[in-house]
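Per Swiss-Prot, the features are:
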REGION    1-319  region 'Ribokinase'
BINDING   N195, M196, S197, E198  ATP binding site
ACT_SITE  D264  active site
REGION    345-476  region 'Cytidylyltransferase'
Amino acid sequence: MKVSLPAFEKARVLVVGDVMLDRYWVGPTGRISPEAPVPVVKINQVEDRPGGAANVALNIATLGGQVQLAGLVGQDDTAHALTLGVQTLGVEPQWLTIADKPTITKLRVLSRNQQLIRLDFEEAFDKADSVRLLKQSEALLDSVDVVVLSDYAKGAIDQPRDFIALARAKGVMVLVDPKGSDFGRYQGASLITPNMSEFEAVVGTVTSEADLLEKARGLLKQHNFDAILVTRSEKGMTLVTANAPELHIPTVAREVYDVTGAGDTVISALATSLAAGADLPQACAIANTAAGVVVGKLGTSTVSRIELIEALALHHGESGFGVVSEDQLAYALEQAKLRGERVVMTNGCFDILHAGHVSYLKQAKALGDRLIVAVNDDASVKRLKGDGRPVNQVDRRMAVLAGLASVDWVVPFSEDTPQRIITRLLPNLLVKGGDYKLEDIAGGAEVIAAGGQVQVLGFEDGFSTTAIIQNIMANQ
């Protein structure tokens, strides 16, 4: 399946669930304690990361989605640290503070990239606390497209059936990362995402692929779910729906360092993709790719849109050069700048590529290490040049440009001027051919404001696409 990313910035998601703080103490071990046969860790790094439902919300925000987060916290310093952690990425916390309970904290001691011990600081919340949280969250349903219930069995989500029913009645999809042996608590959910252990805790041991599908379809019918996505570690994922064939998605993980938070990443990528307009199979493929990225990181982590673009490109065997999308180019440009490469950018219609174009692009490339050529799509060429243009469709124009040794990346744009795409990419040097004044070059002011430069190059005399077309017409 060829996967493209939807406009994540359009996604509006509410996450409700068990929020917690993941705290890491990190340091070297060089000796065994004289008091007991345990290593002594000299702590030289302390790090706090939002975990549980808060990690789901951060993953959504990192992908570019708009997200609100509802959860139960204590009246303590940990709650303050958690608030700061989620607000850093623009997540709106909607806490319900329970004064006599601590904010859940998971403290991990690490050395040499290995977890030595985990210490949990928590007390289960009361059922009444969950009722109040879900009631408070009802007011947020009108402002979102998807709800995620992130259940870690800590008490935030006790009996959510009425909340799910209300959300579905409002046309809001409800995704659940479940816990426990009673999936009936999530009756009517749009999608649940158990891992294999969680799935078998409910349905019993799975003996074969056919058995998995039969048991999944039984759960769909029993609890009125629209779909079940079973995450299966090295076997990837299996999506089962009521009205379509099952979908098996193989894993794309290259290296596995830590599975902490992988389930959070799956449901956050699903929620963001679905809220942005992706269909369910596409959203599952995106989530599978995101999970493959996050297990290659240590500790509770997030996955960015740029990382997803890179992972999808690698999965599809793409080199990262040639004809690319804007998102692919944004990632490639970021990497080029990290390598210290000077990036030059130009633009045009390039309807019939001629020797003047080739010479101009060679000059442009000589001014830096990499050259981007932004190409007007067919509709914008017609608006600029009139009926009968372009002679060559944009895919063909870009393919020819990508074949030139001087050109590294070719990207289409649909506006009459390249102002928007230049402003997004901000090359080190923007060049334009002809007799332009610097102040009249689209995107030039933005490039200069970002510390870049703008330069005008001359075209070789005697070459013109219009003249070539007229000459062809005259000789017919």
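A Cβ is built for glycine as well, from the same backbone N, Cα and C atoms used for every other residue.
N195 (ATP binding site) is 11 Å away from D264 (active site) when you measure Cα to Cα. By a simple count of nearby Cβ atoms, those within 10 Å, the most crowded of the binding-site residues N195, S197 is N195. Put plainly, the recorded positions E198, D264 were compared by Cβ crowding within 10 Å, and the winner is D264. Averaged over the region 'Cytidylyltransferase' (345-476), the predicted model reaches a pLDDT of 86. The number of other Cβ atoms within 10 Å of the Cβ belonging to M196 (ATP binding site), over all protein chains shown, comes to 15. Close to the recorded ATP site, the chain also has P194, F199, E200, A201, V230, T231: residues not among N195, M196, S197, E198 whose Cβ is within 8 Å of the site's Cβ mean position. According to DSSP, N195 (ATP binding site) sits within a strand segment. In terms of DSSP helix, strand and coil, the region 'Cytidylyltransferase' (345-476) has 54 helix, 26 strand, 52 coil.
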